[in-house]
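Notes follow the structure.
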Amino acid sequence: MAIYAVVGTQWGDEGKGKIIDFLSSKIDYVVRFNGGNNAGHTIVVNDKKFIFNLLPSGVLQGAKCILGPSVVIDPLILIQELEVLKNNNIKTEIFISDKAHIIMPYHIKFDELSEQKKGIHKIGTTKKGIGPCYADKINRIGIRTIDLLNTEIFANKLKTNLEEKNQIIEKIYNDKPLDYDDILNTYKKYIEILKSLITNTEKILHHAINSEKYILIEGAQGTMLDIEHGTFPFVTSSNTLITAAAGCGIPISKIKQKIGIIKAFSSRVGSGPFVTEISNSIGDIIREKGQEYGSTTKRPRRIGWLDLLTIKKAIALNELNHLALTKLDILNNIESLKICIAYEFQGKIYDYIPTSCETIEKVKPIYKVFKGFKEDISNIKNYDDLPIEAREYIEFIEKEVGIQISILSVGSEREKTIFRNQEWSNI
(Lines of atoms letter the chains of each structure in order from A and count residues from 1; the text may use other names and numbers.)
(Lines give C-alpha, C1' and ligand atoms only; values in the text may rest on other atoms or scores of the structure.)
Protein backbone atom coordinates (compact mmCIF):
# COMPACT_ATOMS: atom_id res chain seq x y z
CA MET A 1 0.00 0.00 0.00
CA ALA A 2 1.08 3.56 -0.70
CA ILE A 3 -0.79 6.81 -0.28
CA TYR A 4 0.48 9.78 -2.26
CA ALA A 5 -0.65 13.38 -1.89
CA VAL A 6 -0.05 16.08 -4.50
CA VAL A 7 -0.44 19.79 -3.75
CA GLY A 8 0.49 23.08 -5.37
CA THR A 9 3.13 25.20 -3.66
CA GLN A 10 2.10 28.55 -5.16
CA TRP A 11 -1.22 30.13 -6.22
CA GLY A 12 -2.48 27.16 -8.20
CA ASP A 13 -1.92 26.47 -11.90
CA GLU A 14 1.45 24.85 -11.14
CA GLY A 15 0.88 21.95 -13.54
CA LYS A 16 -0.49 19.46 -11.01
CA GLY A 17 -2.72 17.87 -13.65
CA LYS A 18 0.11 16.45 -15.72
CA ILE A 19 2.07 15.16 -12.71
CA ILE A 20 -1.04 13.54 -11.23
CA ASP A 21 -1.93 12.02 -14.60
CA PHE A 22 1.23 9.98 -14.92
CA LEU A 23 1.40 9.17 -11.20
CA SER A 24 -2.09 7.68 -11.61
CA SER A 25 -0.97 4.93 -13.98
CA LYS A 26 -0.55 2.44 -11.12
CA ILE A 27 -3.00 4.01 -8.70
CA ASP A 28 -6.25 2.33 -7.63
CA TYR A 29 -8.04 5.42 -6.30
CA VAL A 30 -7.67 9.13 -7.00
CA VAL A 31 -9.30 11.40 -4.41
CA ARG A 32 -10.14 15.08 -4.84
CA PHE A 33 -10.27 16.64 -1.37
CA ASN A 34 -11.16 20.32 -1.78
CA GLY A 35 -12.54 23.10 -3.95
CA GLY A 36 -15.04 23.06 -6.76
CA ASN A 37 -15.20 23.91 -10.43
CA ASN A 38 -13.16 27.06 -9.79
CA ALA A 39 -10.09 24.86 -10.19
CA GLY A 40 -9.19 23.82 -13.71
CA HIS A 41 -6.56 21.27 -14.62
CA THR A 42 -5.31 20.45 -18.10
CA ILE A 43 -3.99 17.09 -19.25
CA VAL A 44 -2.62 16.35 -22.74
CA VAL A 45 -2.82 12.74 -23.94
CA ASN A 46 -1.84 11.76 -27.49
CA ASP A 47 -1.98 15.42 -28.54
CA LYS A 48 -5.54 15.71 -27.22
CA LYS A 49 -6.19 18.26 -24.50
CA PHE A 50 -8.59 17.48 -21.65
CA ILE A 51 -9.70 20.17 -19.21
CA PHE A 52 -11.51 19.14 -16.04
CA ASN A 53 -12.78 21.37 -13.26
CA LEU A 54 -14.31 18.83 -10.89
CA LEU A 55 -13.15 15.36 -11.82
CA PRO A 56 -9.69 14.45 -10.50
CA SER A 57 -6.82 14.58 -13.00
CA GLY A 58 -6.21 10.85 -12.57
CA VAL A 59 -9.51 9.97 -14.22
CA LEU A 60 -7.84 9.43 -17.62
CA GLN A 61 -5.73 6.54 -16.30
CA GLY A 62 -8.71 4.46 -15.26
CA ALA A 63 -8.28 4.89 -11.51
CA LYS A 64 -11.45 4.94 -9.44
CA CYS A 65 -12.25 8.57 -8.70
CA ILE A 66 -13.65 9.99 -5.48
CA LEU A 67 -15.01 13.49 -4.90
CA GLY A 68 -14.59 13.95 -1.16
CA PRO A 69 -16.80 15.60 1.48
CA SER A 70 -15.04 18.97 1.26
CA VAL A 71 -15.57 19.34 -2.49
CA VAL A 72 -18.45 21.61 -3.53
CA ILE A 73 -20.23 20.32 -6.60
CA ASP A 74 -22.01 22.12 -9.41
CA PRO A 75 -24.16 19.27 -10.80
CA LEU A 76 -24.32 20.69 -14.32
CA ILE A 77 -20.52 20.97 -14.59
CA LEU A 78 -20.04 17.45 -13.26
CA ILE A 79 -22.56 16.03 -15.73
CA GLN A 80 -20.78 17.80 -18.59
CA GLU A 81 -17.45 16.29 -17.52
CA LEU A 82 -18.98 12.83 -17.28
CA GLU A 83 -20.17 13.33 -20.87
CA VAL A 84 -16.58 14.08 -21.92
CA LEU A 85 -15.50 10.73 -20.46
CA LYS A 86 -18.34 8.93 -22.22
CA ASN A 87 -17.70 10.60 -25.58
CA ASN A 88 -14.01 9.66 -25.41
CA ASN A 89 -14.73 6.09 -24.32
CA ILE A 90 -12.91 6.61 -21.01
CA LYS A 91 -14.16 4.04 -18.54
CA THR A 92 -13.79 4.55 -14.82
CA GLU A 93 -15.82 4.47 -11.63
CA ILE A 94 -16.86 7.76 -10.02
CA PHE A 95 -17.93 8.05 -6.39
CA ILE A 96 -19.39 11.24 -4.92
CA SER A 97 -19.30 11.68 -1.15
CA ASP A 98 -22.78 11.84 0.32
CA LYS A 99 -21.44 14.61 2.58
CA ALA A 100 -20.33 16.93 -0.25
CA HIS A 101 -22.22 20.20 -0.60
CA ILE A 102 -24.09 21.25 -3.72
CA ILE A 103 -23.68 24.58 -5.49
CA MET A 104 -27.09 26.12 -6.12
CA PRO A 105 -28.08 28.91 -8.55
CA TYR A 106 -28.35 31.37 -5.67
CA HIS A 107 -24.71 30.72 -4.77
CA ILE A 108 -23.62 31.72 -8.27
CA LYS A 109 -25.94 34.74 -8.18
CA PHE A 110 -24.52 35.87 -4.83
CA ASP A 111 -20.97 35.47 -6.11
CA GLU A 112 -21.68 37.67 -9.13
CA LEU A 113 -23.61 40.34 -7.21
CA SER A 114 -21.09 40.50 -4.37
CA GLU A 115 -18.16 41.02 -6.75
CA GLN A 116 -20.07 43.75 -8.58
CA LYS A 117 -20.84 45.52 -5.32
CA LYS A 118 -17.18 45.47 -4.20
CA GLY A 119 -16.09 47.35 -7.33
CA ILE A 120 -12.35 48.08 -7.29
CA HIS A 121 -12.03 46.14 -4.02
CA LYS A 122 -13.25 42.87 -5.56
CA ILE A 123 -11.46 39.63 -4.66
CA GLY A 124 -11.35 38.38 -8.24
CA THR A 125 -13.41 35.22 -7.75
CA THR A 126 -14.34 32.93 -10.63
CA LYS A 127 -18.03 33.72 -9.91
CA LYS A 128 -18.82 30.01 -9.80
CA GLY A 129 -20.61 30.17 -6.44
CA ILE A 130 -17.79 28.50 -4.52
CA GLY A 131 -17.48 30.99 -1.65
CA PRO A 132 -21.24 31.34 -1.02
CA CYS A 133 -21.60 27.54 -1.04
CA TYR A 134 -18.86 27.14 1.58
CA ALA A 135 -20.46 29.98 3.56
CA ASP A 136 -23.74 28.04 3.69
CA LYS A 137 -21.82 24.95 4.76
CA ILE A 138 -20.23 26.79 7.67
CA ASN A 139 -23.58 28.38 8.48
CA ARG A 140 -25.06 24.84 8.53
CA ILE A 141 -27.78 25.56 5.98
CA GLY A 142 -26.09 24.02 2.94
CA ILE A 143 -27.64 21.31 0.81
CA ARG A 144 -25.60 18.10 0.69
CA THR A 145 -25.60 15.35 -1.89
CA ILE A 146 -27.34 13.05 0.60
CA ASP A 147 -30.28 15.48 0.50
CA LEU A 148 -30.61 14.93 -3.25
CA LEU A 149 -31.54 11.31 -2.63
CA ASN A 150 -34.79 12.33 -0.90
CA THR A 151 -36.88 14.64 -3.08
CA GLU A 152 -39.02 15.86 -0.19
CA ILE A 153 -36.02 16.80 1.95
CA PHE A 154 -34.33 18.51 -0.98
CA ALA A 155 -37.46 20.47 -1.93
CA ASN A 156 -38.01 21.66 1.65
CA LYS A 157 -34.40 22.77 2.12
CA LEU A 158 -34.42 24.54 -1.24
CA LYS A 159 -37.66 26.36 -0.36
CA THR A 160 -36.36 27.51 3.02
CA ASN A 161 -33.03 28.67 1.65
CA LEU A 162 -34.45 30.36 -1.43
CA GLU A 163 -36.93 32.41 0.57
CA GLU A 164 -34.05 33.92 2.55
CA LYS A 165 -31.72 34.28 -0.44
CA ASN A 166 -34.36 36.04 -2.53
CA GLN A 167 -34.92 38.55 0.26
CA ILE A 168 -31.24 39.46 0.10
CA ILE A 169 -31.16 39.47 -3.71
CA GLU A 170 -34.11 41.85 -3.88
CA LYS A 171 -33.53 44.13 -0.88
CA ILE A 172 -29.73 44.32 -0.70
CA TYR A 173 -28.74 43.90 -4.33
CA ASN A 174 -31.91 45.25 -6.00
CA ASP A 175 -31.99 42.32 -8.40
CA LYS A 176 -34.65 39.89 -9.60
CA PRO A 177 -35.48 36.89 -7.37
CA LEU A 178 -34.83 33.33 -8.50
CA ASP A 179 -37.72 31.00 -9.28
CA TYR A 180 -38.26 28.03 -6.96
CA ASP A 181 -40.01 25.77 -9.48
CA ASP A 182 -37.39 26.35 -12.16
CA ILE A 183 -34.58 25.38 -9.79
CA LEU A 184 -36.44 22.37 -8.38
CA ASN A 185 -37.30 20.96 -11.80
CA THR A 186 -33.79 21.51 -13.14
CA TYR A 187 -32.15 19.84 -10.15
CA LYS A 188 -34.54 16.89 -10.33
CA LYS A 189 -33.07 16.17 -13.77
CA TYR A 190 -29.55 16.41 -12.37
CA ILE A 191 -30.46 14.07 -9.53
CA GLU A 192 -31.62 11.36 -11.93
CA ILE A 193 -28.22 11.38 -13.61
CA LEU A 194 -26.04 11.59 -10.50
CA LYS A 195 -27.91 9.68 -7.79
CA SER A 196 -26.25 6.33 -8.51
CA LEU A 197 -22.81 7.90 -7.90
CA ILE A 198 -23.59 9.30 -4.44
CA THR A 199 -22.32 7.08 -1.63
CA ASN A 200 -20.37 6.87 1.63
CA THR A 201 -16.86 7.45 0.25
CA GLU A 202 -15.32 7.32 3.71
CA LYS A 203 -16.27 3.64 3.89
CA ILE A 204 -14.81 3.00 0.43
CA LEU A 205 -11.50 4.61 1.38
CA HIS A 206 -11.24 2.75 4.68
CA HIS A 207 -11.75 -0.52 2.80
CA ALA A 208 -9.13 0.54 0.22
CA ILE A 209 -6.60 1.32 2.95
CA ASN A 210 -7.25 -1.98 4.72
CA SER A 211 -6.90 -3.78 1.37
CA GLU A 212 -3.54 -2.05 0.80
CA LYS A 213 -4.65 -0.28 -2.36
CA TYR A 214 -2.68 2.56 -3.92
CA ILE A 215 -4.34 5.94 -3.32
CA LEU A 216 -3.49 9.35 -4.73
CA ILE A 217 -4.90 12.42 -2.99
CA GLU A 218 -5.26 15.42 -5.26
CA GLY A 219 -5.44 19.00 -4.04
CA ALA A 220 -6.91 21.89 -6.00
CA GLN A 221 -5.46 25.41 -6.19
CA GLY A 222 -2.25 25.95 -4.19
CA THR A 223 -0.85 26.61 -0.73
CA MET A 224 -0.87 30.39 -1.14
CA LEU A 225 -4.63 30.31 -1.73
CA ASP A 226 -5.39 28.40 1.47
CA ILE A 227 -8.16 30.06 3.47
CA GLU A 228 -6.02 30.01 6.64
CA HIS A 229 -2.45 30.40 5.38
CA GLY A 230 -2.81 32.22 2.07
CA THR A 231 -2.82 35.94 1.29
CA PHE A 232 -6.18 36.54 2.99
CA PRO A 233 -8.68 37.79 1.84
CA PHE A 234 -7.33 37.09 -1.66
CA VAL A 235 -7.65 33.34 -1.21
CA THR A 236 -9.99 30.51 -2.08
CA SER A 237 -12.74 29.39 0.29
CA SER A 238 -11.32 26.01 1.27
CA ASN A 239 -8.23 24.51 2.87
CA THR A 240 -5.69 23.60 0.21
CA LEU A 241 -3.05 21.96 2.43
CA ILE A 242 -2.44 18.22 2.64
CA THR A 243 -3.87 18.27 6.16
CA ALA A 244 -7.29 19.00 4.62
CA ALA A 245 -7.21 15.51 3.12
CA ALA A 246 -8.23 14.23 6.55
CA GLY A 247 -11.69 15.47 5.63
CA CYS A 248 -11.90 12.59 3.15
CA GLY A 249 -11.54 10.10 5.97
CA ILE A 250 -7.86 9.31 5.37
CA PRO A 251 -5.67 9.65 8.49
CA ILE A 252 -2.81 12.08 7.82
CA SER A 253 -0.36 9.63 9.38
CA LYS A 254 -1.06 7.24 6.50
CA ILE A 255 0.17 9.71 3.87
CA LYS A 256 3.87 8.99 3.45
CA GLN A 257 4.62 10.47 0.01
CA LYS A 258 3.86 14.21 -0.09
CA ILE A 259 4.65 15.81 -3.42
CA GLY A 260 4.74 19.56 -3.96
CA ILE A 261 4.43 20.97 -7.47
CA ILE A 262 6.47 24.09 -8.29
CA LYS A 263 6.12 26.06 -11.49
CA ALA A 264 9.50 27.40 -12.66
CA PHE A 265 8.04 30.91 -12.42
CA SER A 266 5.08 32.30 -10.49
CA SER A 267 1.56 33.15 -11.59
CA ARG A 268 -1.69 34.09 -9.96
CA VAL A 269 -5.22 34.86 -11.14
CA GLY A 270 -7.30 37.73 -9.84
CA SER A 271 -6.53 40.34 -7.23
CA GLY A 272 -4.09 40.21 -4.33
CA PRO A 273 -0.44 40.95 -3.52
CA PHE A 274 2.14 39.48 -5.86
CA VAL A 275 5.64 40.50 -4.80
CA THR A 276 7.58 39.16 -7.81
CA GLU A 277 5.12 40.28 -10.49
CA ILE A 278 6.81 41.08 -13.81
CA SER A 279 5.38 44.28 -15.23
CA ASN A 280 7.30 44.40 -18.50
CA SER A 281 7.39 42.53 -21.81
CA ILE A 282 9.14 39.53 -20.25
CA GLY A 283 5.96 38.77 -18.33
CA ASP A 284 3.97 38.95 -21.57
CA ILE A 285 6.43 36.61 -23.31
CA ILE A 286 6.21 34.03 -20.51
CA ARG A 287 2.40 34.27 -20.46
CA GLU A 288 2.11 33.62 -24.19
CA LYS A 289 4.75 30.87 -24.34
CA GLY A 290 3.26 29.11 -21.34
CA GLN A 291 -0.35 29.75 -22.36
CA GLU A 292 -0.92 31.20 -18.93
CA TYR A 293 -4.65 31.74 -19.15
CA GLY A 294 -7.14 30.35 -16.67
CA SER A 295 -8.45 26.96 -17.80
CA THR A 296 -11.70 27.82 -16.01
CA THR A 297 -12.07 31.55 -16.63
CA LYS A 298 -9.72 32.11 -19.61
CA ARG A 299 -8.47 35.19 -17.75
CA PRO A 300 -4.80 36.07 -18.37
CA ARG A 301 -2.70 35.07 -15.38
CA ARG A 302 -0.40 37.57 -13.74
CA ILE A 303 3.22 36.45 -14.19
CA GLY A 304 6.11 36.76 -11.75
CA TRP A 305 9.54 35.38 -10.99
CA LEU A 306 9.85 32.32 -8.76
CA ASP A 307 9.40 33.28 -5.10
CA LEU A 308 11.26 30.94 -2.74
CA LEU A 309 9.45 32.31 0.30
CA THR A 310 6.22 30.79 -0.99
CA ILE A 311 7.94 27.47 -1.74
CA LYS A 312 9.55 27.26 1.71
CA LYS A 313 6.22 28.06 3.34
CA ALA A 314 4.47 25.35 1.32
CA ILE A 315 7.13 22.79 2.23
CA ALA A 316 6.81 23.59 5.93
CA LEU A 317 3.01 23.64 6.05
CA ASN A 318 2.56 20.46 4.00
CA GLU A 319 5.64 18.63 5.32
CA LEU A 320 6.60 17.87 1.72
CA ASN A 321 9.25 15.25 1.02
CA HIS A 322 9.25 15.36 -2.80
CA LEU A 323 9.18 18.17 -5.37
CA ALA A 324 8.31 18.37 -9.06
CA LEU A 325 9.27 21.38 -11.18
CA THR A 326 7.09 22.23 -14.18
CA LYS A 327 7.27 24.51 -17.22
CA LEU A 328 11.04 24.86 -17.13
CA ASP A 329 10.93 24.77 -20.94
CA ILE A 330 9.00 28.07 -21.01
CA LEU A 331 12.02 29.97 -19.63
CA ASN A 332 14.36 29.40 -22.57
CA ASN A 333 15.53 32.40 -24.61
CA ILE A 334 15.21 34.78 -21.67
CA GLU A 335 18.51 36.55 -21.08
CA SER A 336 18.37 36.65 -17.26
CA LEU A 337 16.26 34.64 -14.84
CA LYS A 338 15.47 35.71 -11.29
CA ILE A 339 14.58 33.92 -8.08
CA CYS A 340 13.30 35.86 -5.07
CA ILE A 341 15.20 34.89 -1.92
CA ALA A 342 13.84 37.48 0.56
CA TYR A 343 11.74 40.64 0.91
CA GLU A 344 12.81 44.11 2.06
CA PHE A 345 10.77 46.95 3.54
CA GLN A 346 12.07 50.07 5.29
CA GLY A 347 15.44 48.46 5.89
CA LYS A 348 13.99 45.26 7.35
CA ILE A 349 14.72 41.95 5.62
CA TYR A 350 11.94 39.36 5.62
CA ASP A 351 12.78 35.69 5.17
CA TYR A 352 9.11 34.83 5.63
CA ILE A 353 5.83 36.09 4.18
CA PRO A 354 4.15 38.73 6.38
CA THR A 355 0.58 38.04 7.45
CA SER A 356 -0.81 41.43 6.47
CA CYS A 357 -1.62 41.91 2.79
CA GLU A 358 -1.02 45.62 3.29
CA THR A 359 2.57 44.85 4.31
CA ILE A 360 3.09 42.36 1.48
CA GLU A 361 1.97 45.02 -1.00
CA LYS A 362 4.80 47.30 0.20
CA VAL A 363 7.75 44.91 0.35
CA LYS A 364 10.36 44.72 -2.41
CA PRO A 365 11.80 41.42 -3.66
CA ILE A 366 15.48 40.61 -3.22
CA TYR A 367 16.61 38.58 -6.20
CA LYS A 368 19.31 36.10 -7.08
CA VAL A 369 19.96 36.57 -10.81
CA PHE A 370 20.87 33.70 -13.15
CA LYS A 371 22.08 33.59 -16.71
CA GLY A 372 19.32 32.26 -18.95
CA PHE A 373 19.54 29.35 -21.37
CA LYS A 374 18.75 29.46 -25.08
CA GLU A 375 18.30 25.80 -25.94
CA ASP A 376 14.92 24.16 -26.53
CA ILE A 377 14.85 21.58 -23.72
CA SER A 378 11.43 20.08 -24.47
CA ASN A 379 12.85 16.85 -25.93
CA ILE A 380 15.57 16.24 -23.35
CA LYS A 381 15.16 12.98 -21.41
CA ASN A 382 18.16 13.02 -19.05
CA TYR A 383 18.97 15.61 -16.42
CA ASP A 384 22.66 15.78 -17.31
CA ASP A 385 21.75 16.78 -20.87
CA LEU A 386 20.09 19.99 -19.71
CA PRO A 387 22.03 23.23 -20.33
CA ILE A 388 24.30 24.08 -17.41
CA GLU A 389 22.34 27.31 -16.86
CA ALA A 390 19.11 25.35 -16.40
CA ARG A 391 20.81 22.97 -13.98
CA GLU A 392 22.23 25.86 -11.96
CA TYR A 393 18.70 27.29 -11.67
CA ILE A 394 17.31 23.94 -10.48
CA GLU A 395 20.15 23.19 -8.08
CA PHE A 396 19.93 26.60 -6.46
CA ILE A 397 16.27 25.94 -5.67
CA GLU A 398 17.17 22.54 -4.19
CA LYS A 399 19.97 24.01 -2.08
CA GLU A 400 17.70 26.74 -0.70
CA VAL A 401 14.71 24.52 0.16
CA GLY A 402 16.62 21.38 1.17
CA ILE A 403 14.69 18.91 -1.00
CA GLN A 404 15.66 17.35 -4.32
CA ILE A 405 13.48 18.08 -7.33
CA SER A 406 12.75 14.50 -8.38
CA ILE A 407 10.57 15.23 -11.40
CA LEU A 408 11.08 17.84 -14.13
CA SER A 409 8.38 18.65 -16.65
CA VAL A 410 9.69 20.12 -19.90
CA GLY A 411 6.46 20.05 -21.92
CA SER A 412 2.74 19.44 -21.56
CA GLU A 413 2.79 15.88 -22.93
CA ARG A 414 3.28 12.89 -20.62
CA GLU A 415 6.53 11.81 -22.25
CA LYS A 416 8.17 15.22 -21.83
CA THR A 417 9.25 14.45 -18.29
CA ILE A 418 12.68 13.96 -16.73
CA PHE A 419 13.00 11.64 -13.72
CA ARG A 420 15.98 12.03 -11.43
CA ASN A 421 15.56 8.82 -9.49
CA GLN A 422 14.26 5.34 -10.25
CA GLU A 423 11.39 5.50 -7.76
CA TRP A 424 9.34 7.86 -9.91
CA SER A 425 10.24 6.54 -13.36
CA ASN A 426 8.89 3.13 -12.35
CA ILE A 427 5.44 4.45 -11.41
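Glycine too: its Cβ is placed from the backbone N, Cα and C atoms.
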_Swiss-Prot IMP site partner of Asp13, Glu14, Gly15, Lys16, Asn38, Ala39, Gly40, His41, Arg140, Gln221, Thr236, Arg299, selected from Thr126, Thr151, Thr243, Thr310_ = Thr126
*Say you check the Cα of Arg299 (IMP binding site) against those of the binding-site residues Gly12, Gly15, Lys18, Val410; which is nearest?*
Gly12
*Looking only at Gly15, Gly40, Pro300, the binding-site residues on record, which one has the least crowded Cβ, with the fewest other Cβ atoms within 10 Å?*
Pro300
*Rounded Cα-Cα span from Gly12 (GTP binding site) to Asn38 (IMP binding site), Å*: 11
*Just give me the nearest neighbour of Thr42 (GTP binding site) among the binding-site residues Asp13, Thr126, Gln221, Ser295, Lys298, Cα to Cα.*
Ser295
*Given the binding-site residues Asp13, Gly40, Gln221, which lie within 10 A of Ser295 (substrate binding site) by CA-CA distance?*
Asp13, Gly40
